[in-house]
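Features as listed in TrEMBL:
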{"type": "BINDING", "residues": "Ser59, Tyr128", "note": "Fe-coproporphyrin III binding site"}
{"type": "BINDING", "residues": "His191, Glu286", "note": "Fe(2+) binding site"}
Amino acid sequence: MPDVLDATPYDALLLLSFGGPEGPDEVVPFLENVTRGRGIPTERLKEVGQHYFLFGGVSPINDQNRALLDVLRKDFAEHGLDLPIYWGNRNWAPYLTDTLRELVADGRRRILVLATSAYASYSGCRQYREDLADSLAALEAEGLPLPKIDKLRHYFNHEGFLEPMTEGVLRSLADLPEDVRDGAHIAFSTHSIPTASADTSGPVEDHGDGGAYVAQHLDVARQIAEAVRDRTGVEHPWQLVYQSRSGAPHIPWLEPDICDHLEERHEAGVPAVVVAPIGFVSDHMEVLYDLDTEAKAKAEELGLPMRRSATVGADPRFAAAVRDLVLERAAVERGQEVTPCALGALGASHNLCPVGCCPARAPRPAAAGADSPYA
Ligand SMILES: CC1=C(CCC(=O)O)c2cc3nc(cc4[nH]c(cc5[nH]c(cc1n2)c(C)c5CCC(=O)O)c(CCC(=O)O)c4C)C(CCC(=O)O)=C3C
Ligand SMILES: [Fe+2]
């Protein structure tokens, strides 16, 4: 009999994700949802639409979230954690507002949110908090009782997020031809964002060149590179690089782009590359297209052996990490002392986003933070 684990005061966990189309007819409406009021050039949208059509109009992200829900429910059940798990998205069904309505109808009043983004940034954190505020406003307009919503801290430096990725890099190295393996370069890849958003990511005291977004990714990259060195005895050179840039060309985004980087490293004479998509929680379209299609084609053109390592996806160690994060936060809310799991140089991230954290260009209400209008 496992111990009965206590998630009090929470009565539900909500998986909050991006959403994606599940058929050709859904691609354009999905992209309209994503880009509403965001000023993404039409050309870029048409191009991104093509990425989805190349895969039959289906993004893998929803099935990956279903798999994550399964492994989370299994983990919670096996460990005696009695906490129901719901799922809602920003841009596609199941829509967050519908899920929140369901939560309220089921009598849930204290909800903890797990977003499918491990790092601080406007797109990966505050925008999800704005989605929560929008949905709470919709429920309020319907006269429904409003639940109190908290969001789990950033988990980039949790053991259960790092370990599956380290293992993935080791597997990719082992998969390279032996004669180029030891010389392989590791390109840690994440989503490019405008440098102005990166510089203001995280709490105000972290603002500056690259902000918390870049600092957190560098912390993860360094830890994985060191773990790989410790386990193989080989010191692989590495760099943090970026992918999936959109936006107008005159606005600076984080660089270098992965494809330019592959060219540059090839010219510098590296014999092979492992691309490790540390910025993403699952192998969704940004991984499938931008890395497995585009970057792979670039590497082939260069004659550069390349392997792309796995994201955490539905790894049971990631599910265990989520359980740990839930129990940690629940204990904090009950006023108990806890020792948060946080490896590396940065320590555990804040539980409550402070005022000024990852600001939007055009300020909007955001829930689950110190500036939430829904206390
Ligand atoms: C930091 C970050 C993450 C990681 C954190 C997180 O996971 O949240 C992320 C994830 C994702 N981004 C995704 C898809 C898209 N992102 C877009 C646009 C943008 N992303 C941005 C940033 C991020 N995005 C930004 C600054 C833009 C520019 C416009 C804007 O500020 O909104 C666009 C519009 C077209 C384009 O420009 O590419 C699409 C279609 C999908 C779904 C993939 C699938 O379907 O499998 C996922 C998981
Ligand atoms: Fe994106």
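Just so you know, the numbers here start at 1 and follow the chain as drawn.
Just so you know, glycine gets a Cβ as well, placed from its N, Cα and C.
Non-local contacts of Glu286 (Fe(2+) binding site) by the CB criterion (under 8 A, 6+ apart in sequence, same chain) comprise His191, Gln243, Ser244, Pro277, Phe280. Around His191 (Fe(2+) binding site), taking its Cβ as the centre, 23 other Cβ atoms fall within 10 Å, counting all chains. Proximity of Tyr128 (Fe-coproporphyrin III binding site) to non-local residues of its own chain (separation of 6 or more, Cβ distance below 8 Å) is seen for Leu16, Arg90, Val113, Ala115, Ser117, Lys151, given in sequence order.
According to its DSSP assignment, Ser59 (Fe-coproporphyrin III binding site) is coil. His191 (Fe(2+) binding site) carries a strand DSSP state (E or B). According to DSSP, Tyr128 (Fe-coproporphyrin III binding site) sits within a helical segment.
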